[in-house]
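Notes follow the structure.
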């Protein structure tokens, strides 16, 4: 039976191989890998570098330049807090403090239980109803401490459905 690294390496080789001849291939490759794994594993860097005939430092430089890419596996729930001026004018700083305190983490960190990863974003396009937070694909408006606490409770409470 193949171990997880062998399976991951095979998948990475296939993803990179399918896109390596695309003009400007590095960004599409990184997007596809992150889409597949939820992050860009360290194991991917030498595979990408070899296929594109560049150094792993070149690949890492692009990953670190773009804030969208992650080099570590995110928590089960990605929470993105808007830090743009409009949200800050509507109380985002106080909300941000509560979020960090409640989760006991800062931006770009994951809770010890692996449930939540917290990211800062700059404008979710929901300016009139800030403070805003994106959880997965949902953008939540008029966030405050109570609404956030309820969200965390809902996300960490598992409901059994009886059939």
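The backbone N, Cα and C atoms fix where each Cβ goes, and this holds for glycine too.
Features reported for this protein in TrEMBL:
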BINDING   82, 87, 123, 127  [2Fe-2S] cluster binding site
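In sequence order, 92, 121, 122, 123, 124, 126, 130, 131, 132, 133, 134 are the residues of the chain that are 6 or more apart from residue 82 ([2Fe-2S] cluster binding site) and have a CB within less than 8 Å of its CB.
Minimal Cβ crowding within 10 Å, among the binding-site residues 87, 127, is found at 127. Note: the [2Fe-2S] cluster site is recorded as 82, 87, 123, 127; in the same chain, 83, 84, 85, 86, 92, 122, 124, 125, 126, 130, 131, 132 also have Cβ atoms within 8 Å of that site's Cβ centroid. Mapped onto three states, the DSSP output places residue 82 ([2Fe-2S] cluster binding site) in strand. If you draw a 10 Å sphere around the CB of residue 123 ([2Fe-2S] cluster binding site), it holds 14 other CB atoms from the protein chains shown.
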